[in-house]
Amino acid sequence: MDDSSQSELARDCSNGAFCRLCFSQVHELHRIFPPTGAPNRLLVRKIEYCTGIGVSFAADSNASICAKCVGLTEELFRFKQLCGANERWLKMDAGGEHVAEDLEMPPAARPDSGASLLTIATEQLEEGFRGCGEEVGDRE
């Protein structure tokens with residue numbers, strides 16, 4: 001991509017014409033920092049937590065996010081929270097000690113459940129990523 005194409009893309013993105021995360025123009029777009037009303041600070045923090053991308057009013061005042069990326073960010077946030085909770089649970093039980101009775105193993109992680117948390121979560125995430133940002137390849 002040449003410099004003029006990058007400049008044009010950056011200008012369009014800064015005008016809110018693209019999703020700040022996947023560059024989609026297809027999905028419904030929502031302003032991250034709406035001109036009226038308060039920004040969704042929780043969403044901004046989740047974006048940074050899940051993607052490592054810092055979004056700020058100073059740099060991204062007109063930025064938008066598509067409904068698909070909002071959903072994916074929420075799913076990824078829940079997945080990371082689940083992984084963290086499972087990790088804490090495993091570390092509590094790492095010494096082979098009986099887990100405290102008030103700490104219950106997540107249902108899908110129980111040996112008799114026949115389900116794998118990793119498989120379940122990965123399949124759900126893969127389903128969510130299908131179609132998101134597909135038009136990005138068309139611009140190259």
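Each Cβ is built from the backbone N, Cα and C atoms, and glycine gets one as well.
Taken straight from TrEMBL:
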- Cys19, Cys22, Cys66, Cys69: Zn(2+) binding site (BINDING)
- 17-93: domain 'ZAD' (DOMAIN)
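Within 10 Å of the C-beta of Cys19 (Zn(2+) binding site) we count 26 further C-beta atoms, all protein chains included. The most densely surrounded of the binding-site residues Cys22, Cys66, Cys69 is Cys69 (count of other Cβ atoms within 10 A of its Cβ). Helix, strand and coil counts from DSSP across the domain 'ZAD' (17-93) read 42 helix, 7 strand, 28 coil.
For the domain 'ZAD' (17-93), the mean pLDDT of the prediction comes to 90.
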